[in-house]
């Protein structure tokens, strides 16, 4: 199942005099591929922000209300991994599972299912097919501010179906606004500044083919 209207960071290369590649720019494009793959950067430190470009007060003001401490951090948090809810205690049961008809058999006959048995079976089904989002802190590098993002991944240690074959896949994402160090020009004639970019983070996963 694909994601609708999510944003993926792509690198665009500025070409000077038709041949040289000197800076990377972020451009959001529709994508079904999350989490966002690592961005290939120009390793030349000339295109890194200087110490005076990293003034926290100035950057916080530039980012404004888009700064979300739940998903971004200036320094690497002490706890690097945010674990999902225990697999035996998933979140609220989805409506499509609650409404399952357990009385109809493959042969067209109907059977009586007690309320207690139905509730236990549906809870077992939901526990088995539940797909939590596992969050880990990722370092985006010095050309992003804040440089650390809490990135989501779908739980993948086992199949989420019986018989096996289906797996947890992303179905929803949220966009977080970061600052990106963006350069134009060539060497000493270049001009660099911070621009706002959207970074998609997986927010919900679902058992799917």
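The backbone N, Cα and C atoms fix where each Cβ goes, glycine too.
Feature annotation from TrEMBL assigns disulfide bond to 131-168, 154-205, 160-207, 183-192. What TrEMBL records for 1-20 is signal peptide.
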Have a look at the disulfide-bonded residues (160, 168, 192) and report the one with the fewest Cβ neighbours inside 10 Å.
192
Among the disulfide-bonded residues 154, 207, which residue has the largest number of other Cβ atoms within 10 Å of its own Cβ?
154
Of 183, 192, 205, 207, which disulfide-bonded residues come within 10 Å of residue 131 (disulfide bond), going by C-alpha to C-alpha distance?
205, 207
Among the disulfide-bonded residues 154, 168, 183, 192, 205, which ones place their C-alpha within 10 angstroms of the C-alpha of residue 160 (disulfide bond)?
168
Within 10 angstroms of the C-beta of residue 205 (disulfide bond), what count of other C-beta atoms is obtained when all protein chains are considered?
24
Cβ-Cβ neighbours of residue 131 (disulfide bond) (radius 10 Å):
22
Compare the Cα of residue 207 (disulfide bond) against each of the disulfide-bonded residues 154, 168, 183 and report the nearest.
168
What Cα-Cα separation, expressed in whole Å, is found between residue 168 (disulfide bond) and residue 154 (disulfide bond)?
6
Nearest-integer angstrom distance between the alpha carbons (Cα) of residue 183 (disulfide bond) and residue 205 (disulfide bond):
36
